[in-house]
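Undergrad: Right, I'll just put the structure down here and ask away after.
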Amino acid sequence: MNICIIGAGYVGLTTAAVLAELGHEVCCVDQNKQKIEQLNNKHIPIYEPGLQELIHQNEQRLTFTDSFDEAMKNSVIIICVGTPSWADGSTDLRYIQSVIDDLSSRIDSYKTIITKSTVPPGTNEWMYTRLLEKGVPTHLFDIVANPEFLREGSAISDMLHADKIVVGLRHGDNRSLPVIQAMYSNIDAPYIVTSLNGAEMIKYASNAFLAMKISFINEIARICDAFGVNVNDVAKGIGCDPRIGSHFLQAGLGYGGSCFPKDVKSLERTARSRHIEPHLLQAVQLVNDSQIDVYIHKLQRALDDLPQRTVAVLGIAFKPNTDDTRDSPAERFIRQLSQTGCLIHAYDPKATLSNDHRPNVVQTKTIHEAIDGADAIVVATDWTEFQQLDWAEVKKQMNGTFVLDARNCLKRKEIEQCGLHYIGVGSG
Ligand SMILES: NC(=O)C1=CN([C@@H]2O[C@H](COP(=O)(O)OP(=O)(O)OC[C@H]3O[C@@H](n4cnc5c(N)ncnc54)[C@H](O)[C@@H]3O)[C@@H](O)[C@H]2O)C=CC1
Ligand SMILES: O=C(O)[C@H]1O[C@H](OP(=O)(O)OP(=O)(O)OC[C@H]2O[C@@H](n3ccc(=O)[nH]c3=O)[C@H](O)[C@@H]2O)[C@H](O)[C@@H](O)[C@@H]1O
């Protein structure tokens, strides 16, 4: 099958590599010329485990271009452009709009247009109408909603071993499903076939539910703290019940990344646009927004004279195994902590600090430089590297003794046995 992917970001590049691996001819188009140049020079602009290798293994079936005309030689088009938030929380659909306008003047043979970008209910219907208004006849296209559920850091495996394939179709569309089934023929996953709006809602409800689980366990962690209870025991205890499930109950700094914060906000706006008061979605965000304060207060209580201190913050990315810092809780923490005036040594194995930080924040090249002379260490992203630290060695390099585990990922006993003070939330 010949497939064109529009948008060479995290989702577009992973989709391109996986579909090429499944044997399809894939052309990836992006308006960012610099990105395309890098890709054509065998440089992958993002860090995603296994992606570089998969792209190189399949290079005979993969092309990268900034030309829409080149891309339009394919009959299947998958839209993977970004859908960020406006300041009021609603979804900025300008990239989607511009793709539809670019496509409309170039469709001269039948195309299946598949939307993988996360878009609010009603968007795919709007795309269909827009193409008609632009004069594209109905027999030349179909619009399909096929939301993506991959996670950064395990994107390839998530796509190859998807737990479901969600397909939203327009009423009466009997051409698209066989196309989608042929495209994913080597992926063994159940199909959920629904309407366009239905597929869009599944994506938002899924992200909102996962965000809700995180805020729930973070609120429980605060209560655990007050009673000297270990929240990990609680997560394990409730997670054994299959009706609750053990996933996404890791307490910590809160959820971040390019999707949960924007998608929960967008769903809140969608509800309000139909005069529905989204109480639960608001509460989920309220807990998440105040989660950084909980840890800053802990540090303030542990370290007297915080403005005169040096704090090593380990982790900048929004989660481990990625270089992505979009809406990263670790960066939010660094920004808020820097306002106290203390010196911050930030370190991350892959991610780079954004350049809007204060002069009292420096990114170190190595973890040892970060720890050297620190009065306290804060683990802000749960990279395995931080969980495997030799705490006896760490103690020798530090000036102080406090370790704030803001991801609930360290072994308390091990740290305390080395003479360090462990601080956690909901850690008993
Ligand atoms: N990042 C993730 O883990 C996931 C993201 N999603 C959704 O997928 C969509 C894409 O997300 P990411 O890949 O993270 O975004 P991204 O920002 O990494 O990539 C988007 C790409 O689209 C390109 N682009 C924008 N307008 C274009 C146009 N008119 N023509 C050609 N290229 C254009 C940009 O230059 C950029 O390279 C979003 O809607 C997101 O919510 C869904 C599941 C997972
Ligand atoms: O729509 C999207 O973009 C994607 O959003 C999330 O994937 P992702 O953002 O890559 O990462 P997650 O692993 O879900 O983590 C999101 C945030 O929640 C935090 N988190 C996650 C799990 C947990 O138990 N506790 C917790 O605090 C992480 O540290 C991170 O900041 C979803 O898991 C994907 O299914 C979805 O496709």
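Cβ atoms here come from the backbone N, Cα and C positions, even for glycine.
Found this in TrEMBL, in case it helps:
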ACT_SITE  Cys259  active site, nucleophile
BINDING   Asp30, Lys35, Thr83, Thr118, Glu152, Lys262, Arg326  NAD(+) binding site
BINDING   Phe149, Leu150, Arg151, Glu152, Lys203, Phe248, Leu249, Gln250, Ala251, Gly252, Gly256, Lys319  substrate binding site
DOMAIN    312-412  domain 'UDP-glucose/GDP-mannose dehydrogenase C-terminal'
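How buried are these features, and what lies next to them?
TA: Cys259 (active site, nucleophile) falls outside any helix or strand according to DSSP and counts as coil. Counting only same-chain residues at least 6 apart in sequence, those with a Cβ under 8 Å from the Cβ of Cys259 (active site, nucleophile) are Thr118, Asn207.
Secondary structure at Arg326 (NAD(+) binding site), as computed by DSSP, is coil.
Other Cβ atoms within 10 Å of the Cβ of Gly256 (substrate binding site), summed over all protein chains shown, number 24.
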Undergrad: Sort the binding-site residues Phe149, Lys203, Leu249 by C-alpha distance from Lys262 (NAD(+) binding site) and give me just the closest.
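TA: So, of the listed binding-site residues, the one sitting closest to Lys262 (NAD(+) binding site) is Lys203.
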Undergrad: Per DSSP, to which secondary structure element type does Lys203 (substrate binding site) belong, with helix, strand and coil as the options?
TA: helix
Undergrad: Among Thr118, Glu152, Lys262, Arg326, which binding-site residues lie by ligand 1, judged by Cβ under 6 Å to any atom?
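TA: Near ligand 1, sequence order: Thr118, Glu152.
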Undergrad: Can you see whether DSSP assigns Glu152 (NAD(+) binding site) to helix, strand or coil?
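TA: In three-state terms, Glu152 (NAD(+) binding site) counts as coil.
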Undergrad: Using DSSP with the three-state reduction, classify Leu249 (substrate binding site) as helix, strand or coil.
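TA: DSSP assigns Leu249 (substrate binding site) to coil.
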